[in-house]
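Structure first, then comments.
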Amino acid sequence: MAIDVKAIEEHIRGILIALGDNPEREGLKDTPKRVAKMYEEVFKGMCYSNDEIAEMFNITFEDDLCINDNENDMVFMKEIEIFSHCEHHLALMYNMKVAIAYIPKGKIIGLSKMARIADMVGRRLQLQERIGSDIAEILQKITGSEDVAVIIEGEHGCMTTRGIKKSGTKTITTTLRGKFNTDPIISNKLMMLYTK
């Protein structure tokens with residue numbers, strides 16, 4: 001799906017008028033174009049389904065991987081910084097840090113790909129909970145592992161700048177699949193790494 005930049009420009013111009021401002025004045029003349037260009041960038045992830053993102057970043061390594069028999073070895077990455085926009089208010093979700101873990105099943109994904117997946121999934125109108133589910137689903141497709149965990153911490157503009165206005169409030173969500181949801185030893189290991 002392509003983003004309709006021209007339609008965004010027209011609607012932003014309409015919003016400026018609805019707000020009681022003049023879209024022809026010097027400071028606003030190019031605003032619809034700028035906003036449309038910004039939306040094209042910050043909502044890039046909306047152009048791709050989870051399957052397409054999985055295909056885009058489906059580069060794995062198998063030859064160099066030593067597989068242990070216990071199948072409890074874990075790949076863990078944290079502090080992946082992303083942003084997103086809440087689908088309810090279009091408010092910014094910011095200071096978001098994503099942690100991703102998985103137990104390899106014969107192949108591993110490049111570390112930069114994990115960060116790129118998190119970034120691309122964030123570039124949609126989202127819920128924090130869905131960001132975690134989308135990342136987990138994509139990682140499962142690429143690695144073939146059912147054992148995936150995603151922990152996300154972030155601040156929501158809809159909580160900090162409007163309504164209740166509680167700045168500094170952080171939301172933490174977890175998405176646990178496979179052994180991360182059923183094996184207490186694996187789950188404890190994950191939380192130990194996350195809080196370290």
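Just so it is clear, glycine is given a Cβ too, placed from its N, Cα and C backbone atoms.
In this view, His89 (Zn(2+) binding site) is surrounded by 14 other Cβ atoms within 10 Å of its Cβ, with every protein chain counted. Residues or ranges marked as Zn(2+) binding site in Swiss-Prot (evidence: sequence analysis): Cys86, His89, Cys158.
Note: Cys158 (Zn(2+) binding site) has non-local neighbours Cys86, His88, His89, Ala91, i.e. same-chain residues 6+ apart with C-beta under 8 A of its own C-beta.
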